[in-house]
Structures are given as C-alpha cells and as structure tokens.
C-alpha cells in the first residue's frame, strides 16, 4: 500500500450481542471507531476521513488495525492511550478509569497553525481529529441537525415572529456538518438554498434525505425557491456551484434571502474550500502539487464570500456565522468589517449553554433501529412537559435517515442527562434494549470548548480565549469514569482557534455502569453551567443555584 492513508476496504461496525472484545466497555469504542468509517457515515472513508475537511478517525490504516487489535485484547483494568490517531500505549489503571484516552492535533500555542500542522501531518506525526471524527462518536449528519434546527427556530423567533413559513435560507456547504442545514431549515418551516461545489456531496444528501432537490444553475434553484415559498412549502435545493461566486451574484441581482449563513469547510483553506473559478479536479490535484497556491486562492475567495455576507447584513438580512472561521480568514485578508455580523452561539444558542443544554447523543450498539425508537419514547416519558423536545423527536423519527449504527441527537441539559442515562442503562438491564448503548456528545457543548470565533465568542467577561475550561472538563470526565475521553485542538474553526474535549460512556446495564453514568452525565453538563456562571451570566448562576452546584469561587458556597 503506497499511501498509508488510503485503502479500498469498507469498514462497518459489528452489530448484535456477540462480543469481539473482552467486555462491552471495550466493545463500545471498537464499534464506534468502526462506525465512524462506515461508508454510509464517513465523507471519504477509504482515506480515513470522517468529516470536516481532513477530520480522521485514525492516523493511518496500520494504526486503525492496531487500535482494533488492542481494543479486542484490552482488559477491564487497562487504558489505551491514543496520540493523534496512533495507539501509543496500554497502561494498567482500574475498572472505573476510561478504557481509552485520546489526544488529537494538540500543539503548543506558538506553533498552533496550519503550516506547522501540515508539516507534521506530511511526516506522519499528527492527525487532525476535528471534533467527533478522532474521538469516535460521529453519528453522521444527524449529529448537528438539532443544533442547526434550534438556531433557525430561534432566528425565526427573533426576526419573523416565530414563523418561517414562506421564508428561505441561503447557505453554503453540504459536507458532513453543513449537510444538516437543508433538513434543519425544512424542519423549522423554511426553504433552503444550499450551494455546494462537489456534486457527489449533493447526491449523498439526496440519498440520505437531507436535501429535497438538486439544481445545476442559479436560475433553476431560484425558480424552485420561488415556487416553494409562494406555495408555503418547506423544501430544500442543493445548487452545484461555488458560494464565493453565487453569494455575490445573488446580491448583485437584488435577491434578498430571509436568512444568510454558511457552513463550507472554510476552517481548512487547503482541503476545505474550493477557490472561485477552479474546478474540483484542479483543486484536488493542486492540494498535493501546490498547497500554498490553493490556500492563497481559497483565502482570497473567502474574502469575497464574506463581503457578500456583510452586504446582505447591511441590507437588513439576518446573517450569521455558523462556526467555520470564515470571518477570521476574511479579516486576515484585509476585510476590516468581516465581523459585522454575529456568530450563531452569541446570537441564538448561549442561553441554552448557560443551563448546560447541548448536543447529547446516543447510539444503539445492537444496530437495531427499534432500540432508538424505544429510547425516544423513554425521553418523552421522563420529560413529559418538554413539548418542543417531543416535537423534535417526532420530526427526527419521520425525517432523519440513520447512518451506520442507529443513533439519536437530543439537546438536553443539567439535571436531565443523567436521568436519561440511568433510564437507558435500566432498559439494557431488563432486556428492553437488545444491547448496550453509548452516550456522548459533540465537543460543541457548553463546558467543553474554548473557541473565540464560535462557542465562546463575545463572552460577557471577555474570557473568550481561556482554554482552562475544556481541559478541566476532560480531567473531570476522566475522574468521573467516562468510557473514553478526548482532548482536541482546532476542531470546527481550524488550527490555533479552538481547544475542546469529548466524552463517551457505555450503558451496559450493570450497577457499575449506573454509578459511572450518574457521575459523568451530571458532572459533564455541570461544567458548562459553572463556566458560564463564572463569566457572569445570570441564567447560569440561577441554574447553578437551582441544581445545588457547589461553586465556591463563583457562588461563595
């Protein structure tokens, strides 16, 4: 094999109750690692790329094989250490310790940039883990659908009296994360025009029912949008094109969407963003032969792209950055007012973070969709008054196609996550579920990320860049007994702009699991409430008091 990162084999997670490892605590990370590379889940699985430009699950195929072999042989009192996608050690710990500890793409701050990372990457010394790619808890595009839905719903509340019927959203990017936008828009009641340069990605979203139609010309796409909005229908179209060309053209034509955003992979100027005027084939070739030229051309195109977004904003169109760092690139390229429009977290999501509410998710290791439907019902039973959440679960069941192992995303917060975890564990114990479930979250959560251009943008106390919080979150989840814990750098917004942590815990129906679940699923969201209370948010302070958190330096208790 000439390229250690390319292999033609297909990987799929085992299903059912037969173990391939020594216990469910090691079977769980094994299955979720393999699930990340399922052809129905990953963007470029043969290259180990899960999503987000070059977000990988393992450094090389040899490393993947070594991780799999080690997990199969790992004892219940041992912990596997994974350094940027490479299994570097196994150490004796104890039964309540994590079975896997992962660190991906972390660099000393002075060297935390794409140029230095790319040098290490070429030498085989590093791997970009994105957020859930290298931490083995990616569940396909569903993983971001509800967060995007919540954002669009809140935008509708703020700007259109809570009604997006007859409205349409303009966006770019239909990759693993951006692909959620059309479906989220439709669920929120709006139409969506999503610009994507790679036709295979549009076809992937059509196949998985995340987008309703495909267009090859702007006129064709606008005709569909006009037809649907006039009829009051909520539908979406993926337009084959370049956002850096389409956005300015729409503005020049006098077309005014009702909401404008973008989720191209602008965080990675080489692998994530097609320069204006280039073909996809030319772009792919020059990524290898002349990456600096690609980056320069992409950055120049991003400046044009963001200028169009600023123009829409100045024209009165609600416009939001969706966390890909495109404003920062445009500013670095000389666009002084690139940050004229806000990021989605300070504009719409932060009140949820203040209560520890974020992208809680779980996957059925059995592979049986019925296990997810049963847990959906359990969520409704335990949270009977949360009709907004019930509506989400109903829409998710109807509209979201499972990718790989069946899974569910469900935004809940402190006080509810541990109750759900314990209930799922009991369902495994009594046989309601056919096999254990794993419970995790995105790194995009209330207490697990420092990202000044995204999750921690415009913090009330100016603590946007303080990254103690995700480090403490990872340490606390390790001490609390999560099944695997990860600490990453650069996810979402690229090298030098974020640090973040993840956790996953397996509910196998045992008493030991119940104790760990109660600790982890309380402590993890509690760190988010703590972080926001420390920053001076009244909602977080009130939540901390209601939940009885002991925060001596914040509450004085």
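Including glycine, each Cβ sits where the backbone N, Cα and C put it.
According to Swiss-Prot, the protein carries these features:
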BINDING   52-53, 130, 176-178, 196, 201, 242-243, 263-267, 273-274, 322, 492  NAD(+) binding site
ACT_SITE  410  active site
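Feature map: annotations from Swiss-Prot on the structure.
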| residue | record | DSSP (3 states) |
| --- | --- | --- |
| 52 | NAD(+) binding site | coil |
| 176 | NAD(+) binding site | coil |
| 196 | NAD(+) binding site | strand |
| 243 | NAD(+) binding site | helix |
| 265 | NAD(+) binding site | coil |
| 273 | NAD(+) binding site | coil |
| 410 | active site | strand |
| 492 | NAD(+) binding site | coil |
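Here the Cα atom of residue 410 (active site) is found 18 Å from that of residue 176 (NAD(+) binding site).
Within the same chain, residues at least 6 positions away in sequence whose Cβ sits under 8 Å from that of residue 492 (NAD(+) binding site) are 52, 130, 131, 267, 323, 324, 325, 443, 444, 451, 454, 498, 500. Neighbour list (residue 265 (NAD(+) binding site), Cβ cut-off 8 Å, at least 6 residues apart, same chain): 52, 53, 173, 175, 178, 271, 272, 273, 324. For residue 243 (NAD(+) binding site), the Cβ neighbour count at a 10 Å cut-off comes to 30, with all displayed protein chains included. In this structure, the recorded positions 52, 176, 196, 410 were compared by how many other Cβ atoms lie within 10 Å of their Cβ, and the smallest count belongs to 410.
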